[in-house]
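**Student:** Supplied in structure tokens, the structure appears directly below.
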Amino acid sequence: MAQLVLADHDGVTLRPATLNTVTAALALGPEVHILVAGSGVGSVAREAAAINGVSKVLTCDDERYRHLLPEALAPLIASVAGRYTHVLAPATTFGKNVMPRAAALLDVAPISEISAVVDASTFVRPVYAGNALATVQSADALKLITVRGTAFDAAGTGAGSASLESVPAADATEGASWLSEQMTQSARPELTAAKIIVSGGRGVGSRENFALIEALADALNAAVGASRAAVDAGFVPNDYQVGQTGKIVAPSLYIACGISGAIQHLAGMKDSGVIVAINKDEEAPIFQVADYGLVADLNKAIPELIDALKR
Amino acid sequence: MKAMVAVKRVIDYNVKIRVRSDGSGVETAGVKMSMNPFDEIALEEAVRLKEAGTVSEVIAVSMGASACQETLRTALAVGADRAILVETDADLQPLAVSRMLSVLAKREEVSLLFLGKQAIDDDANQTGQMAAGFLGWPQGTFLSSLKVDGTHLVVEREVDGGLESLRLAIPAVLTADLRLNEPRYASLPNIMKAKKKPLETVTPADLGVDPAPRLKVLSLAEPPARAGGIRVPDVATLVAKLHSEAKVI
Ligand SMILES: Cc1cc2nc3c(=O)[nH]c(=O)nc-3n(C[C@H](O)[C@H](O)[C@H](O)COP(=O)(O)OP(=O)(O)OC[C@H]3O[C@@H](n4cnc5c(N)ncnc54)[C@H](O)[C@@H]3O)c2cc1C
Ligand SMILES: Nc1ncnc2c1ncn2[C@@H]1O[C@H](COP(=O)(O)O)[C@@H](O)[C@H]1O
């Protein structure tokens, strides 16, 4: 039997976390298939077929899957799941939304956001905002899993030559329709895939002053993140939030500016390679996880830092 | 129409949890317990709909040990009209909780089932989606805004790339994200009044559900601690360290 990965995509390209999910699937067995559902998703299916290690791409190209609503997609997942030992999706808002619904249809206890594979039925997953790691064993014959992207390398692409198989659409549950979306446009790297992240918190002070964080990010070709307090105060959009309830990131360098270091924020970034904290309060808990701590006013330190980097 | 809100009793979000040395669980003796923060927001939303005249009754539900009564009394003090405790000492997991919630939602003929988007202890983020699957209802998860429009709901959801709006038919399952509203505190007079509001206790067997866990927790461990770092005196030293010691820039 094989493992199935559910592709997360925007209709045109795969979301990068799909590649990390393929790596987790390959840790469970050599035969990995990908399900690409959507409307007009030929380009996504071709991209999926080129992922190293993927042997088959199931496609279901149908108008009802255009916005990947779980009311439509969960029955499709349930209809193909019988061919697999494991169905995996990235732990993105997409994967988290649809996988438990599919699990209910299949009467399976889903396993959320695994960070390691122990064996085919045993997995490690963070709980309590990452302050504990649970090793859990599933008693279900079929496993439905979401995968924490930062815990697995991205699968390579280009060497794969998977076959394509089209699968029939399934009956959707009625009652949900898509109205619109407001996606944040940015030329900067995507948060969960960035090598360097500069994050700002309440200490940045205002939306206008957040330009400082952005300027530092641009000097480092970095992505921009934020604490919940910065998002709640309207400095930046919601999708910048790093933490227990925002995005989980693990760049090689994370620079936290004006962020105190609440456990809910640490939950999203403490697996970063190197952590730098700039905070004017020397007692701030962020310094307990920082490799390099600078006690300073960010309004003075960040311009100096940008200057030094330009030199 | 009636609304039901699922409220979970969890270790307070301000507590830094400690894993027991034998790996059997987390230390709970003497630890402050509270309503899951996302559930406070879900409850607030339901209570506001009642205050607006859209919802006729708000029913709070909690599942677990008898101490969950305390969480339900808090919900009643905030504005729920009555409460249901599903009492069990079983290690409850989202599959059983969502199945029991779907049974209760049908029994009580509710139109809106509210939950938090995630419980801050198991961080599962599953129960609402699974309840929606069992009920065959549309789901609005990770909500930052909710409007009732006649027989439908218009919701805004927090997704990875930004925000998404959906139109959902009623009945529906809704899960609250942090920015949906700012929950109120219960006032002292309302805490007193809540003591007289009805609280019904049922068991999983009454609901026809076997609560036995399907996921066995083999062990719990502390994550590896980060090695202590250093303080740098100025920006120049920071840049030098990042360049030649950490080699990340
Ligand atoms: C259920 C739940 C989930 C949560 N999820 C998240 C989450 O996912 N992500 C998240 O981030 N938070 C989350 N939180 C919120 C979290 O508890 C904190 O409230 C939040 O992280 C605080 O943000 P902050 O550090 O920016 O603000 P504060 O704690 O107010 O810290 C601001 C810091 O800025 C410093 N500062 C001020 N001015 C300057 C200056 N001029 N120069 C340098 N430093 C300065 C101060 O010394 C202070 O340390 C959650 C909370 C709950 C209850
Ligand atoms: N034991 C419980 N009692 C009441 N509600 C619960 C319980 N477990 C989970 N929930 C609800 O389900 C939501 C999501 O929980 P979870 O899927 O465990 O992250 C919570 O925010 C609660 O609204």
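Using the three backbone atoms N, Cα and C, a Cβ is placed for every residue, glycine included.
Marked as FAD binding site by TrEMBL: A:Arg202, A:227-228, A:241-245, A:258-265, A:Asn279. According to TrEMBL, the feature domain 'Electron transfer flavoprotein alpha/beta-subunit N-terminal' maps to A:3-182.
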**Student:** Could you check the binding-site residues A:Gln244, A:Ile259, A:Ala262 and tell me which sit with their Cβ under 8 Å of a chain B Cβ?
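**Tutor:** Cβ contacts with chain B under 8 Å: A:Gln244.
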**Student:** Within 10 Å of the Cβ of A:Arg202 (FAD binding site), how many other Cβ atoms can you find? Include all protein chains, please.
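**Tutor:** Around the Cβ of A:Arg202 (FAD binding site), 16 other Cβ atoms lie within 10 Å.
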**Student:** Any idea what DSSP makes of A:Gln241 (FAD binding site), helix, strand or coil?
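**Tutor:** The residue in question, A:Gln241 (FAD binding site), is strand (DSSP, three-state).
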**Student:** Reduce the DSSP letter at A:His265 (FAD binding site) to three states and note it down.
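**Tutor:** SS state of A:His265 (FAD binding site) = helix.
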**Student:** If you run the three-state DSSP split on A:Arg202 (FAD binding site), which class comes out?
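**Tutor:** Where A:Arg202 (FAD binding site) sits, the three-state DSSP reduction gives helix.
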**Student:** Looking only at Cβ atoms, how many others are within 10 Å of the one on A:His265 (FAD binding site)?
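**Tutor:** Within a 10 Å radius of the Cβ of A:His265 (FAD binding site) lie 28 other Cβ atoms.
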**Student:** Return the average pLDDT for the domain 'Electron transfer flavoprotein alpha/beta-subunit N-terminal' (A:3-182) as a whole number.
**Tutor:** 97
**Student:** Say we define neighbours as other CB atoms within 10 Å of the CB. Which of the binding-site residues A:Gln241, A:Gln244 has the fewest?
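**Tutor:** Each of the binding-site residues A:Gln241, A:Gln244 was scored by Cβ atoms within 10 Å; lowest is A:Gln244.
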**Student:** Given the binding-site residues A:Ile259, A:Ala262, and counting only Cβ atoms in the protein chains shown, which has the most within 10 Å of its Cβ?
**Tutor:** A:Ile259
